[in-house]
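A.B. asks: A single structure is presented below for examination.
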Amino acid sequence: MSAIQQNLKERNAKYASSFTQGDLALPPAKKYVVVTCMDARIDPAAAYGIDLGDAHVIRNAGGNAKDALRSIIISNQLLGTTEIILVKHTDCGMLTFQNADARGVVEKNLGSEAGQAVSNLDFQPFPDLEQAVKDDLEFLKANPAVSKQATVSGWVYEVETGKTRQVA
Ligand SMILES: [Zn+2]
């Protein structure tokens, strides 16, 4: 067992020993879904005020709405959420490279076959943080599979201060 697995096992045993919320309903109680970055410096529950059972939290590289679309539609249509909160963040890794860079790293690390496999993959990096938030909201609003009734907003979380501000 790796040290990471051992950590999971031990910390989970401790968590489960005082766990009392096993009767929560499947649909999120507060009917909202958060899309945010996978960045290790973000604790969505603590930073965005999400209690257990209240909301869906979808995380991926960049807090990317296109990547999250499948889960957003499931959240809205199958599990009843009516509000979408999109939160990107300062110092995001997605601000630091372009598609050619990512493809080059894959090829260098894993070989030409791997390079070929990602030759058409859009890693969806972005050069402008606030514009990327706005672009993602436009993408969601333009998608017919996202309800026009859904409340949609865009935010930036600052990893330097812990503060979150609304930008769209
Ligand atoms: Zn990020």
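Yeah, the Cβs are placed from backbone N, Cα and C, and that goes for glycine too.
Quick paste from TrEMBL:
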type	residues	note
BINDING	Cys37, Asp39, His89, Cys92	Zn(2+) binding site
A.B. asks: Cβ within 8 angstroms of the Cβ centroid of Cys37, Asp39, His89, Cys92: which residues besides those meet this for the Zn(2+) site?
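C.D. replies: Filtered neighbour residues, in order: Thr36, Met38, Arg41, Ile42, Gly62, Gly63, Lys88, Thr90, Asp91, Gly93, Met94, Tyr157, Val159.
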A.B. asks: Counting across all protein chains shown, how many other Cβ atoms sit within 10 Å of the Cβ of Cys92 (Zn(2+) binding site)?
C.D. replies: 21
A.B. asks: Counting across all protein chains shown, how many other Cβ atoms sit within 10 Å of the Cβ of Cys37 (Zn(2+) binding site)?
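C.D. replies: 22, counting other Cβ atoms within 10 Å of Cys37 (Zn(2+) binding site).
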